[in-house]
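For reference, the structure discussed in these notes is given below.
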Amino acid sequence: MTEALVPSPQPSAAAIENPGALLSWESRSRRVVTVYLPLACFLFILLFPFYWMGITAFKPNNEMYDYDRYNPFWIHSPTLQNISKLLFETSYPRWIMTTMGVAIGATVLSLVSSVLAAYAIQRLRFRGSAYVGLAIYLAYLVPPSILFIPLATMVYQLGLFDSPLALVLTYPTFLIPFCTWLLIGYFKSIPYELEECALIDGATRLQILRRITLPLAVPGLISAGIFAFTLSWNEFIYALAFISSSENKTVPVAILTELVQGDVYQWGSLMAGSLLGSLPVAIFYSFFVDYYVSSLTGAVKE
Amino acid sequence: MSVTTATPGWARPRTRPGWLARLFDSKPFLIVACLFPAVGLLLVFLTYPLGLGVWLAFTDTQIGRSGVWVGLENFQDLFEDRVFWSAVFYSVFYTAAATALKFGLGLWLALLLNHHVPFKSIIRAIILLPWIVPTVLSAIAFWWIYDAQFSIISYVLVDVLGWRDTYIDFLGTPWAARWSLIVANVWRGIPFVAISLLAGLQTISPSLYEAALLDGASPWQRFRHVTAPLLMPILAVVLTFSVLFTFTDFQLVYAITRGGPVNSTHLMATLAFQRGIPGGHLGEGAAIAVSMIPFLIFATLFSYFALARRKWQQGESND
């Protein structure tokens, strides 16, 4: 029943649920073995690394490396030492702020460009608009792993090396194609008649975009926005290649390059760093679960 | 009708807009203005670097020194480079093994979720978590799980269950490290596959299953002849993306092994990074990155057309 709540570009598609429920005359015990048991295994395996990350972050060192005397699956004397060390002895707060700034900047830039591009492709309908749409879609198939070396030379020549601005400008290369494609799908679901009415009433194109199309596309905008934010937060290879000074690093890069020193790994603070670095995205996610699902499935369906 | 036959002298009720408003109302200008930011950014930061990367692959550029054209020399060097070929092998193997496992398990999970289970939306939200959390951060958790001395998996196998006598050296030997990375990639990839395929499964009409059931189809036949063909279009798209992003994966390998032990787990992307950025040989790194392009084109065309054609064939035979 939850499907009905999910805003989808194609509402009819998600309306049908549970073909299995209508025709299963299986016994209850059989269902437990074929459905609930595998599902429980899946959930356990998918969640265990998070549990392990969380539990390690709050363990004192003597417990962490002594499995004989302490059960590793539980914390006997939880401590905030790892987290306080991370917050007060490293520049972790600074890294979080940098990541946040880069993610917000890249998201806003991509969202504005994508809204305009999607509106032009889907609503202004010029000759060859389908090809422009296809070209933007193909851009999504170019992976960052191919682009980072030439981009690094470009960034260096533009004088943006070691500056978060380089990340704000390069992240849209993978955000714009995705957001544009998602928004084209949303614009398609808005009846064209509404815009025609506004045109007849004497509204300009910009007024139509601002007063009619955008308010109706708000769920699509939220989907695209949170997705772009998550992708920017997770990005790694550009941040690794373009940033060298410690204080400008983003969280994923900083944890891997600044916290891992020498041969003895500080697993406690590494896990605490990973946990704190995942939290903003996870909190964001918990508020917008349905939008994530709809943007994921909407983008795939298009 | 009276409106259409109005006299030419009909006065416009609104005032004539200024030149700026008229400019923003002209369609050609609007099209250019709307497309400019997106197309401009993509041309400057995607198309141009793509061309620049291909050009760099034919030069001996190093960091801090612009290079000269050396023709195919980079590729000739790579051709005789054992590390490069091992990276090519592992990239293909990693993609094939991880994709097969991801789709097998992801499809299974999607089918499980398509049953009527309680708390379905919560379960679905939980399942997507591995995909939402930054890859590097979950990779660090896997790194700790794979630790040679304090691995929790080894602890369970040796001390709790007693199935083994020694702790497993997950990241110390080449094949163990290769499989450990594949497992971590599959763990991260299952949610995406499962949730996308679940969306596809929910578009299949229940009446088709009822008809098949009345005709006496077994569960396997129902899956084979109803679910599979109808799922094929969405499967093709998800597969294309999955293959593409698995082949060019970088974060997971860089975070867990950095290509070690003895270069056995280098993917082409990590090798390109190692040679290009810390190693300083931008030309050689670009050559490795450019060598990925044929594989990507092949994989995309294969996974897309192979499955799209099957869908078309089955569509034809149904008619």
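Each Cβ is built from the backbone N, Cα and C atoms, and glycine gets one as well.
Residues annotated as transmembrane segment in TrEMBL: A:33-52 (among others).
Same-chain residues lying 6+ beyond the ends of the transmembrane segment (A:95-119) with a Cβ under 8 Å from its Cβ atoms: 132, 136, 164, 167-169, 171-172, 175-176, 179-180, 182-184, 186-187, 209, 213-214, 217, 221, 224-225, 228-229, 232-233, 239, 247-251, 254, 276-277, 280. According to TrEMBL, the feature transmembrane segment maps to A:95-119 (among others).
Residues annotated as domain 'ABC transmembrane type-1' in TrEMBL: A:96-288.
The transmembrane segment annotation in TrEMBL covers A:131-153 (among others).
The transmembrane segment feature in TrEMBL is assigned to A:165-187 (among others).
Here TrEMBL flags A:208-231 (among others) as transmembrane segment. Below 8 angstroms of C-beta separation, residues 7, 9, 103-104, 106-107, 110-111, 114-115, 119, 123, 171, 174-175, 178-179, 182-183, 185-187, 190, 194-195, 198-199, 281, 284-285, 288, 291-292, 294-296, 298 of the same chain, each at least six residues beyond the ends of the transmembrane segment (A:208-231), sit close to that stretch.
For the transmembrane segment (A:270-293), the residues of the chain that approach it from at least six positions outside its boundaries are 2, 5-7, 53-54, 56-57, 82-83, 85-86, 92, 96, 99-100, 219, 222-223, 226-227, 229-230, 233-234, 251-252, 255, 259-260, judged by C-beta separation under 8 angstroms. Feature annotation from TrEMBL assigns transmembrane segment to A:270-293 (among others).
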